[in-house]
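Straight from TrEMBL, the features:
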BINDING   R71, E134  substrate binding site
BINDING   E134, D161  Mg(2+) binding site
DOMAIN    10-229  domain 'HpcH/HpaI aldolase/citrate lyase'
Amino acid sequence: MNPNKKRLRRTMMFLNAQKPGLIKDPYIYKPDSIMLDLEDAVAENQKDAARFSLYHALKTINYRGCERVVRINGLDTPYWKEDIRCAVAGGCDAIRIPKTESAQDVKVVEAEVVQAEKDFGREEGSVLIMAAIESARGVMRALDICESSERLFGIALSGGDYTKDLQTHITGTGIELMGARQNMVIAARAAGVQCFDTVYTDLDDMDGFRQDVENIHLMGFDGKSIINPRQINIVHEIFTPKQKDIIFAEKVVREIDTKKAQGIGVFTVDGKMIDIAFYDGAKRTIELAKASGVYKGDL
Ligand SMILES: CC(C)(COP(=O)(O)OP(=O)(O)OC[C@H]1O[C@@H](n2cnc3c(N)ncnc32)[C@H](O)[C@@H]1OP(=O)(O)O)[C@@H](O)C(=O)NCCC(=O)NCCSC(=O)C[C@@](O)(CC(=O)O)C(=O)O
Ligand SMILES: [Mg+2]
């Protein structure tokens with residue numbers, strides 16, 4: 001398995017692949033991933049120019065460990081195959097499929113990625129795939145999409161196009177996204193892949209943004225698509241385990257290990273009932289803390 005499949009992806013920041021001011025140094029803001037966009041951020045008559053710019057950016061810029069995902073154009077356009085070839089030839093880490101509606105959509109993209117890896121001398125399996133779900137049909141098929149390919153590391157909700165399809169609109173409250181969000185997280189967890197929330201487009205409403213991120217964190221998402229560096233700190237703050245939670249998780253892991261050896265199944269830690277059901281969650285907190293660079297312990 002590609003070791004990057006489960007890497008930390010709290011923030012996945014979109015940027016127009018054609019704009020030199022955006023693509024030259026986004027790593028300075030330290031998002032976990034950048035998503036170089038060839039799709040909706042790029043005007044129809046600029047698709048070739050954007051692809052050209054993307055290729056040279058990938059070839060020449062050192063993004064310093066920041067994951068480089070390329071959002072290709074839709075499978076109903078004449079652009080997507082050439083988008084994949086340029087992205088893979090340039091050295092991208094992953095392809096984001098927009099408007100994914102079925103497992104078959106992922107499979108046809110995978111076939112092109114496999115061919116491009118061969119053609120451009122990339123290691124087999126080095127390019128991962130993620131699928132953006134932007135329609136009611138896609139949401140209803142989320143589990144099939146999650147299970148469509150070994151290369152698929154996750155799915156992402158795209159709220160703008162999804163609410164258009166649902167015949168509603170983005171309100172900022174999240175009510176219109178509740179069903180899709182819950183369905184997608186459940187599907188992703190059932191398949192063992194990651195799940196990412198949609199962008200929050202009102203850059204002047206940072207309180208609304210914080211509330212949105214807190215909600216999706218509680219729902220079980222792994223991270224969020226974002227559009228601007230100003231949104232990074234809030235997402236990282238909410239998605240990085242707090243020291244008090246890390247310390248509690250360490251106690252839970254140590255106590256479960258100790259009590260198990262003593263033949264004790266249920267007990268309390270800091271006044272809270274603990275049994276084996278809490279073990280994986282505590283381990284996950286510690287792994288997330290390690291990946292986020294805030295772990296000081298020795299587990
Ligand atoms: C919104 C705005 C124009 C505001 O610009 P502003 O310049 O006013 O912002 P400022 O804050 O003043 O910038 C301060 C400094 O940060 C730099 N800076 C800003 N943004 C940066 C960035 N993204 N990456 C690196 N650098 C950045 C900037 O260059 C400046 O640098 P400097 O001059 O050196 O100080 C800008 O952010 C932007 O273009 N965002 C990305 C938009 C985009 O790609 N949309 C498509 C994807 S969504 C979609 O398609 C819908 C979806 O599909 C979604 C789904 O899938 O979920 C669905 O269906 O819902
Ligand atoms: Mg969209």
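Cβ coordinates are placed from backbone N, Cα and C, and glycine is handled just like the others.
A TrEMBL annotation is a machine prediction, not a hand-curated record.
Features as recorded by TrEMBL, highlighted on the structure.
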| residue | record | DSSP (3 states) |
| --- | --- | --- |
| R71 | substrate binding site | strand |
| E134 | substrate binding site | coil |
| D161 | Mg(2+) binding site | helix |
TODO: Please work out which residue of E134, D161 has the most C-beta neighbours within 10 angstroms of its C-beta, and give that one of the binding-site residues.
DONE: E134
TODO: Between the Cα atoms of E134 (substrate binding site) and D161 (Mg(2+) binding site), find the distance and write it as a whole number of Å.
DONE: 5
Task: Averaged pLDDT score, the domain 'HpcH/HpaI aldolase/citrate lyase' (10-229) - done: 98
- [ ] Provide, as an integer number of angstrom, the distance between the C-alpha atoms of D161 (Mg(2+) binding site) and R71 (substrate binding site).
- [x] 15
Task: R71 (substrate binding site), number of other Cβ atoms within 10 Å - done: 29
TODO: Anything from the binding-site residues R71, E134, D161 with its Cβ under 6 A from ligand 1? List those in sequence order.
DONE: E134, D161
